[in-house]
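Q: The active site, nucleophile annotation in TrEMBL covers A:Cys86. Feature annotation from TrEMBL assigns active site to A:His194, A:Glu196.
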Amino acid sequence: MKWAVIVFPGSNCDEDAQQAIIRVTGDEATLVWHQETSLADYDAIVLPGGFSYGDYLRSGAIARFAPIMKAVRDKAVQGTPIIGICNGFQVLTEAHLLPGALLRNRDLHFHCKMVELRVETNRSPFTAAYQPGDILRIPIAHGEGRYFADSAILHELQEDHRVAFRYVDNPNGSSESIAGILSKERNVLGLMPHPERAVADFMRSTDGAGVFRSIHQYVTEREGAHAH
Amino acid sequence: MTTYRAQVRVWLKPSVFDPQGNAVEKALLTLGFAGIEEVRIGKSMEFLVTADNQESAEAMVDRACRDVLCNPVMEMYTFTLEARQEA
């Protein structure tokens, strides 16, 4: 299968994501510049971390209007797995592909550290390799990661089992300790922690590998089903 | 066509905690500014807009606020328009 990692001006986790995909799945992973307009050749899309457009106006607010985002939207409708990591999550909320918004951390600090996450659901292309209740050690690195949504949306996320990950110890003041959420169709995931930074022993954790393995398995099984 | 100067103000909804405002409020209190409370920090933006009349300029600025300048999930906005004086 083929992965696309979208590169905006100011993305800085694009190559980390690419290398993590190659290391975990052995798949082909291509960096795709934000001025491109088609993602037809790709089976999974990654919006990486960083500071797209310098976080001007709001994090993710300008990236949302990049030419590639129309193609991302089309892929979302087609059911392709799309994962937004950190700044990628912020872009997905600004693009209304995920509900809510990400605000300045409650304590104003930029937190760059290993945290523990609890897997809340494995009913998704991103978390199938885990069990609900699994505790993962995955690093965060953000200043604006406080997930916010009104109570109706929070209720809906809870009812539909669309909270993918919660922090064990809430580092940023996120509503209901939310670290990652799924779209209604469950094929779009946004999360603040960086699974691509937890895929090798030297990274002090390999717990993030399951995200990439899950996506790989989901796509290859889907392709297999289509072939018959 | 008339050119207007638009002034847009964007700030967090009352229901959203503003850690910056909170930190500044604490600093003010520490410095002896007793009696200051509910500090909120927002953004101010300025630009020129040229349109047929005030009404269509307002409609355009309002749309720019809703679509780009403000994220209604967490923010609110107001704006003023002032016809630019001919030099």
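Placed from the backbone N, Cα and C atoms, the Cβ positions cover glycine too.
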Q: How big is the gap, in Å, between the Cα of the residue listed as 'active site, nucleophile' and that of A:Glu196 (active site), rounded to a whole number?
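A: So the Cα of A:Glu196 (active site) lies 11 Å away from that of the residue listed as 'active site, nucleophile'.
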Q: Which chain-mates of A:Glu196 (active site) that are at least 6 residues away have a CB under 8 A from its CB, listed by sequence?
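A: Counting only residues 6 or more apart in sequence, the Cβ neighbours of A:Glu196 (active site) under 8 Å are A:Cys13, A:Asp16, A:Ala17, A:Gln19, A:Ala20, A:Ile21, A:Pro48, A:Ile85, A:Gly208, A:Phe212.
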Q: Tell me which of the active-site residues A:Cys86, A:His194 sits in the most Cβ-dense spot, judged by other Cβ atoms within 10 Å.
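A: The residue with the most neighbouring Cβ atoms within 10 Å is A:Cys86.
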